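Student: Pulled the feature table from TrEMBL, pasting it below:
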{"type": "DOMAIN", "residues": "22-130", "note": "domain 'Fibronectin type-III'"}
{"type": "DOMAIN", "residues": "131-224", "note": "domain 'Fibronectin type-III'"}
{"type": "DOMAIN", "residues": "229-324", "note": "domain 'Fibronectin type-III'"}
{"type": "REGION", "residues": "1-20", "note": "region 'Disordered'"}
{"type": "REGION", "residues": "305-328", "note": "region 'Disordered'"}
Amino acid sequence: MGGTGGCNSLLSNDVVPVPSGPPRKVEVEAVNSTAVKVSWRSPVPNKQHGQIRGYQVHYVRMENGEPKGQPMLKDIMLADAQWEYDDTTEHEMIISGLQPETTYSFTVTAYTTKGDGARSKPKLVSTTGAVPGKPRLVISHTQMNTALIQWHPPVETFGPLQGYRLKFGRKDMDTLTTMEFSEKEDHFTATDIHKGASYVFRLSARNKVGFGEEMVKEISVPEEVPSGFPQNLHSESSTSTSVQLTWQMPLLAERNGIITKYTILYRDINVAYQPVELPVVPADTTMTLSGLKPDTTYDVKVRAHTSKGPGPYSPSVQFRTLPVDQGR
């Protein structure tokens, strides 16, 4: 190699050898039954001999310590912005399409425009066993607040099945019920399936490696009128002409849909006719009755509505306004 004259700098690419050092810190780990992650760093700078343009990952299936079948190759070309003189950059590649429970040997080489450099030492890794595929799942909603859940084994089981796991519950609730079944069971009846709600069902099959991918099904049960009444109707405070009322929604299983409004029915207990009906929209669970007579007892009840109509009234509760002198 001569001086730094223009002529020599033009020729310099022709005399630069390929990288004489292998990529460093090569690590391989199984991701799952068909994929492996390979990671590495560039060769040491004084053995790169030019601009590294990319890397090649070589891998081959191993049997009894010997290579078996065709070696395979994956190429990772660096974009111009990634051309590196920095030797701390970590590279990684996911190699997929491998066979379950199989051992592979991996090596990595760097290349310049002149070709491949030295190979790293072979690293062996075994893919994990395969878990079962998705089971087939059928959900049938029945009228009596139940759902019949039936399933069939996955097409691919990768060995004998050891059972199933079912998770299910209302979509608007955070927690799902989890149940496990033997490999011989193929159905289950879920109870407490509420009207007007959407449910999610997740079923997976298990072999000796573990649980496979979940088959997910959803059902939506049509709304109906509430079958239960609002709970715990009581008075928060009162004056001589008003009473502030508070209550709670009907029980979850008795709402049968989204509560759209409430209706309050109240009357002076001394007047048997002409009760007053008040809508509560939007469906707040508090309401102030005003314009009442002082020192008078009122009979009050409340009911909830879904889009399908009203449910039953709550049992009557009685409240008394304050006398005039105390109500000020």
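Cβ atoms are placed via backbone N, Cα and C, with glycine included.
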Student: DSSP-wise, what's the residue breakdown of the domain 'Fibronectin type-III' (22-130) into helix, strand and coil?
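Tutor: Secondary-structure breakdown of the domain 'Fibronectin type-III' (22-130): 6 helix, 60 strand, 43 coil.
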Student: Taking DSSP states H, G and I as helix and E and B as strand, how many residues of the domain 'Fibronectin type-III' (131-224) are helix, strand and coil?
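Tutor: Secondary-structure composition of the domain 'Fibronectin type-III' (131-224): 0 helix, 47 strand, 47 coil.
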Student: In the domain 'Fibronectin type-III' (229-324), how many residues does DSSP call helix, how many strand, and how many coil?
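Tutor: Across the domain 'Fibronectin type-III' (229-324), the residues distribute as 5 helix, 47 strand, 44 coil.
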Student: Would you report the average pLDDT that the model assigns to the domain 'Fibronectin type-III' (229-324)?
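Tutor: The average pLDDT of the model in the domain 'Fibronectin type-III' (229-324) works out to 94.
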